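Reviewing the structure listed below.
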Amino acid sequence: MRKRLTITSLKKMKQDKNPISMLTAYDYPSAVLAEEAGLDVILVGDSLGNVVLGYDTTIPVTLDDMIYHTRAVARGAKNTFIVTDMPFMTYGIGRESTLRNAARLMQEGGAQALKLEGGTEIASEVGALVKAGIPVMGHIGLTPQSVHQLGGYKVQGKLEKEAEKLMEDAKALEAAGAFAIVLELVTEPIAEAISKELSIPTIGIGAGRGCDGQVLVYHDILQYSSPYIEKKMVKTYADIGSTIRNAISSYVSEVKAGAFPAEEHTFGAKPAAINHLYGGGEAANSSSNQATREESPKRDFVSNHS
Ligand code: KIV
């Protein structure tokens, strides 16, 4: 069984030029599959607001939502390093509240680390969390919780001033004790420069090839939504949305046509039980062939789950 990574091993991966793979997961099955696939880090992202809960932004996501989903992920990926997002306005509002909210995510959710969006303006709270023993991952560039302030989902770091601010934010987070930083929608040269400057790993999403690791959203790499909207920064590795839609459509057709359930999906009964219901008459005889199917090949499943 493989061992869960730690913040020390993640930092060593940067030194060894061993790229870090991170992907979001939001529930038990996605966590199990991600761990089985050999993923380094699971992010329980507040992107669950968009891809699981159907909101337009991550802003409505609550602390309780994050705790609920982190718990499910923690049950499914016991040997994978799990980072959970602190949602909108649960930090940056004073040290005491930030620490209390962070404690709930760690204790009730079961995450190994927390991710916070923002740079210099949250550095002192990042420092307080780290002092309290909570590993913190930073997140700069396009920070979706500030989408209204940023004026939309725009690439960051195209202009001199933006590049300078990104570098300043990254250094402030590292100085505050963050163990890694997500760079979202940052131009490739600026992300590369930041990655070279920092001793902690950078994990890019739409930030090019110079980062120390990559993160994407589970539903994006699997096209697990409808309609699926293409994004330049995403590579899709499977089309699960179409697979699920086609499967459900076949199920609907077969139920309507009476093709499901077929005989192999049904369970027989003992002749005495059938005779009893039919009063031992002709109908009972015609139904007695039901008894021959009593020994279903899936009997163990039935007895365990009934
Ligand atoms: O919430 C999320 O999924 C994220 C990633 C986009 C980095 O923060």
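Start at 1 and count along the chain as shown; that gives each residue its number.
Note: Cβ is positioned from N, Cα and C throughout, glycine not excepted.
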Candidate sharing the 3-methyl-2-oxobutanoate site with ASP46, SER47, LYS115 (per TrEMBL), from ASP16, ASP27, ASP65, ASP85: ASP85
Compute the centroid of the Cβ atoms of ASP46, ASP85, GLU117, then list the same-chain residues not in that set whose Cβ lies within 8 Å of it, in sequence order, for the Mg(2+) site. GLY45, SER47, THR58, VAL61, MET86, PRO87, PHE88, LYS115, LEU116, HIS139, PRO144, GLN145
For ASP46 (Mg(2+) binding site) and LYS115 (3-methyl-2-oxobutanoate binding site), determine the Cα separation and express it in whole Å. 10
Of all the recorded positions given, ASP46, GLU184, which residue's CB has the most CB neighbours within 10 A? ASP46
If we take the Cα of ASP85 (Mg(2+) binding site) and draw a 10 Å sphere, the recorded positions of SER47, LYS115, GLU184 inside it are SER47, LYS115
Minimum Cα separation from GLU184 (active site, proton acceptor), reported as the residue among binding-site residues SER47, LYS115, GLU117 that achieves it: GLU117
